[in-house]
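Down below is the structure, laid out as structure tokens.
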Amino acid sequence: MARERDLLSTEIVNRGIESSGPNAGSLTFSVRVRRRLPDFLQSVNLKYVRLGYHYLINHAIYLATIPVLVLVFSAEVGSLSREELWRKLWEDARYDLATVLAFFGVLVFTLSVYFMSRPRSIYLVDFACYKPHDDLKVTKDQFIDMARRTGKFDEASLEFQKRILHSSGIGDETYIPKAIMAQENCATMKEGRAEASTVMFGALDELFEKTRIRPKDVGVLVVNCSIFNPTPSLSAMIINHYKMRGNILSYNLGGMGCSAGIIAMDLARDMLQANPNSYAVVVSTEMVGYNWYSGKDRSMLIPNCFFRMGCSAILMSNRRRDYTRSKYRLEHIVRTHKGADDRSFRCIYQEEDEEKHKGLKVSKDLVEIGGEALKANITTLGPLVLPFSEQLLFFATLVWGGGGHPYIPDYKLAFEHFCVHAASKTVLDELQRNLELSDENVEASRMTLHRFGNTSSSSIWYELAYLEAKEKVRRGDRVWQLSFGSGFKCNSVVWKAMRRVKKPARNPWLDCLDRYPFQA
């Protein structure tokens with residue numbers, strides 16, 4: 001019972017004055033009880049720590065052998081002067097030429113095997129985020145007024161959405177498709193294709209302009225959109241629009257939620273590893289209108305309040321000549337899937353309500369389930385990115401107990417920048433508290449939620465665009481992009497900046513940058 005109580009937080013809402021009855025004139029309020037993320041300090045699953053170290057050993061075993069070789073070599077030559085060392089080498093080369101040639105042969109062979117077997121470096125050349133036209137901009141009050149005029153919602157549903165909006169962390173400049181506020185059905189294939197064309201082609205046009213590559217140069221195309229999956233696919237729409245080449249490797253990921261953008265990058269990385277000298281384009285988006293819910297179920301009204309128009313397009317490359325012009329190098333991708341658990345599987349579920357209105361049903365346990373997936377993901381990621389001192393302290397407290405409180409590493413020592421999926425203000429508050437992040441660490445996420453809303457899988461790119469617009473990214477900086485979504489999944493990707501990123505000429509933040517960071 002005590003453990004269950006620890007997972008709850010309370011909040012006073014709906015303050016007011018009783019207008020009638022025997023208590024007229026007295027203060028009234030109601031208390032909202034929420035589930036918070038599980039306290040990471042109280043529960044760390046050792047199997048995810050082992051998984052992280054397994055990744056580390058598989059990809060960095062040579063780090064354990066290099067120090068040994070250096071020590072042996074130093075012991076052999078450390079006592080010799082420069083003249084003695086040169087004379088010894090000359091005499092060996094003169095009287096034992098076969099040994100010297102064999103040594104260099106083994107050295108060349110070893111280096112060749114190493115460089116041929118190591119994974120190709122994957123670069124992020126550049127990316128683009130679509131910024132809708134101003135005529136699609138809507139304030140919170142306009143949103144409620146327009147929803148009322150459609151006649152699709154009763155007053156109780158409108159009041160519920162109003163309360164959610166005003167505590168959501170979303171500002172008054174987000175974007176929605178015009179079809180949403182029409183009295184007709186907006187969840188049609190025609191409207192879905194129209195919205196998809198607008199956001200995808202808008203982002204791709206900017207990407208091709210920035211990178212100066214032709215659409216026919218793209219060898220791999222990966223598109224992810226969770227809700228809208230027409231036939232022909234969204235990837236086929238892009239290939240048709242840009243007249244891409246016939247042997248392009250194209251993939252369309254559907255139904256994978258807000259974390260699908262990192263899954264798409266993982267697939268693009270695998271394709272680039274198998275296809276040398278190639279470009280890969282990843283398009284991440286969501287169709288807001290196609291999933292609009294017009295019923296009365298409150299758990300299905302929540303997505304209406306948060307999701308907004310958005311799309312990102314990124315260009316990845318494995319070409320060595322792109323080293324000098326690329327912005328980032330891909331370091332790690334770690335994926336966590338909790339779908340084997342029924343509760344996790346159904347926490348975000350697309351279905352019809354009692355009146356046959358289609359929508360996304362969000363479980364009240366979402367924050368708790370997301371916290372469990374996040375805990376597993378960051379525990380796996382830790383051994384790959386944390387300094388040795390942090391890993392040593394963490395491992396020691398796991399082995400010796402740590403007084404019942406495992407040491408949670410300081411991830412601020414591993415990353416300079418954090419791009420956490422801008423799902424909601426509540427989720428960001430809990431993440432900041434549990435990971436002990438500063439206000440500056442979550443600034444990009446909070447500002448993205450305020451300016452653009454929850455744009456699903458593309459939100460982590462609007463956050464990186466914010467950091468670039470503020471010119472915060474320096475050479476060598478490490479960027480952690482973290483997203484989570486239905487399934488239930490939590491995914492991480494780590495980038496390392498190849499150079500100092502100056503303020504881009506095209507960026508969705510440029511017209512409002514002076515107003516941010518926004519102080520609530």
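Cβ coordinates come from backbone N, Cα and C, glycine included.
Look at TrEMBL and you will find 55-75 (among others) tagged as transmembrane segment.
Annotation source TrEMBL lists transmembrane segment at 95-115 (among others).
Per TrEMBL, the feature domain 'FAE' maps to 114-399.
Summarising the annotation, TrEMBL assigns transmembrane segment to 248-268 (among others).
Taken from TrEMBL, the feature active site applies to C258 (among others).
Long-range Cβ proximity for H337 (active site), meaning a same-chain Cβ under 8 A and a gap of 6 or more residues, is found for G487, F488, K489. Taken from TrEMBL, the feature active site applies to H337 (among others).
According to TrEMBL, the feature domain 'Beta-ketoacyl-[acyl-carrier-protein] synthase III C-terminal' maps to 416-496. On the 0 to 100 pLDDT scale, the domain 'Beta-ketoacyl-[acyl-carrier-protein] synthase III C-terminal' (416-496) averages 95 in the predicted structure.
Marked as active site by TrEMBL: H417 (among others). Taking the Cβ of H417 (active site) as centre and 10 Å as the limit, one finds 21 other Cβ atoms among all the protein chains shown.
Around H421 (active site), the C-beta neighbours below 8 angstroms that are at least 6 residues distant in the chain are C258, S259, S445, S459, I460, L482, S483, F484, G485. Annotated active site per TrEMBL: H421 (among others), in sequence order.
According to TrEMBL, the feature active site maps to H450 (among others).
Other Cβ atoms within 10 Å of the Cβ of N454 (active site), summed over all protein chains shown, number 26. As annotated by TrEMBL, active site applies to N454 (among others).
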Where DSSP helix means H, G or I and strand means E or B, what are the helix, strand and coil counts for the domain 'Beta-ketoacyl-[acyl-carrier-protein] synthase III C-terminal' (416-496)?
35 helix, 21 strand, 25 coil
Given a separation of at least six residues and a C-beta threshold under 8 Å, show me what packs close to H450 (active site) in the same chain.
G169, I170, G171, F518
Can you grab the distance from H417 (active site) over to N454 (active site)? Cα atoms, rounded to a whole Å.
20
Neighbouring C-beta atoms (10 Å sphere around the C-beta of C258 (active site)):
28
